[in-house]
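Written below as structure tokens is the structure these notes are about.
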Amino acid sequence: MAEYQNIFSQVQVRGPADLGMTEDVNLANRSGVGPFSTLLGWFGNAQLGPIYLGSLGVLSLFSGLMWFFTIGIWFWYQAGWNPAVFLRDLFFFSLEPPAPEYGLSFAAPLKEGGLWLIASFFMFVAVWSWWGRTYLRAQALGMGKHTAWAFLSAIWLWMVLGFIRPILMGSWSEAVPYGIFSHLDWTNNFSLVHGNLFYNPFHGLSIAFLYGSALLFAMHGATILAVSRFGGERELEQIADRGTAAERAALFWRWTMGFNATMEGIHRWAIWMAVLVTLTGGIGILLSGTVVDNWYVWGQNHGMAPLN
């Protein structure tokens, strides 16, 4: 007899469009509700809109587009304005930061890193504007600021790579270039210059939390899908009248590993696992070159690497 596994299949039930909170809200500030999308319904809610951008949202989108446009123009220039070459070599093009001799100067010529500085400015404005928008939207809805703080952890790693560490090292040349393969080359070279990042304990912690995040996400997703036949994905019903879904899910994990997370606790585990990926990763990058020149030598001094 066939079973309903609910791994790929999705039942889409459509009712009236949900406008969200409308009490004491000026609906003129929101976009109208768009159509329903079957494709979006495979991944989440099929309803499009309403969308609220606000001043920070508009600023972020504009700055993000300018960042994308600046890099795109440079790649187009590197391709000699040839569309065939542009498509062929897209992954090889790169917008590099200023050379070491320019230090932290903003006076580098456009073709020698000046354009990288301009692109980085737009990216800085775009990311921080979007973070501010995330914070203010949560505040407007009376929610906690958990999403904004989690986003801040990712911003921390990005800031360390592109701004904080280069400033501490005294040169924009320490920053990451904009490009596909050049980004990978920078990562490889960074590890070689600083004596193998595998001996950086914060790098190890970051990888451990990354694996942990993947494991927790898979465990949580699989558990809810496994009890969806009992209504386990219907959060309101599970709060008011749990039925058998929550109990079966909890019992499964007690049978499997001796204890189970709670409906709330699993999300606390998940957010900390995810946040610590970029938090510890940023610390590891920041210490490289500023505090520890060679992680292999550091490992030798601390009994983590062979002495010969």
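Cβ coordinates come from backbone N, Cα and C, glycine included.
What Swiss-Prot lists as (7R,8Z)-bacteriochlorophyll b binding site is H183, H203. Marked as Fe cation binding site by Swiss-Prot: H220, E235, H267. Summarising the annotation, Swiss-Prot assigns ubiquinone binding site to W253. Swiss-Prot lists 54-80, 111-140, 143-168, 198-226, 260-286 with the feature transmembrane segment.
On the backbone, the CA of H220 (Fe cation binding site) and the CA of W253 (ubiquinone binding site) stand 11 Å apart.
Across the structure, W253 (ubiquinone binding site) and H267 (Fe cation binding site) are spaced 16 Å apart at their Cα atoms.
H267 (Fe cation binding site) sits 32 Å from H183 ((7R,8Z)-bacteriochlorophyll b binding site), taking the CA atoms of both as reference points. Ranking 54-80, 111-140, 143-168, 260-286 by CB pairs under 8 A with the transmembrane segment (198-226) puts 260-286 at the top.
In sequence order, V176, P177 are the residues of the chain that are 6 or more apart from H183 ((7R,8Z)-bacteriochlorophyll b binding site) and have a CB within less than 8 Å of its CB.
Around H203 ((7R,8Z)-bacteriochlorophyll b binding site), the C-beta neighbours below 8 angstroms that are at least 6 residues distant in the chain are L197, G281, G284.
Away from its own ends, the transmembrane segment (54-80) comes close to residues 29, 86, 89-90, 93, 95, 115, 118-119, 122-123, 125-127, 129-130, 132-133, 136-137, 178 of its chain (Cβ-Cβ under 8 Å, at least six residues beyond either end).
Outside the transmembrane segment (111-140) by six or more residues, the chain places 52-54, 56-57, 59-61, 63-64, 66-67, 70-71, 74, 95-99, 102, 146-148, 151-152, 155, 158, 162-163, 172-173, 175, 177-178 with a CB less than 8 A from a CB of the stretch. Within its own chain, the transmembrane segment (260-286) has Cβ neighbours under 8 Å at 146, 149-150, 153-154, 156-157, 159-161, 164-165, 168, 190, 197, 200-203, 205-206, 209-210, 212-213, 216-217, 220, 238, 246, 249-254, counting only residues six or more beyond its boundaries. All protein chains shown were included, and the count of other CB atoms within 10 Å of the CB of H220 (Fe cation binding site) stands at 16.
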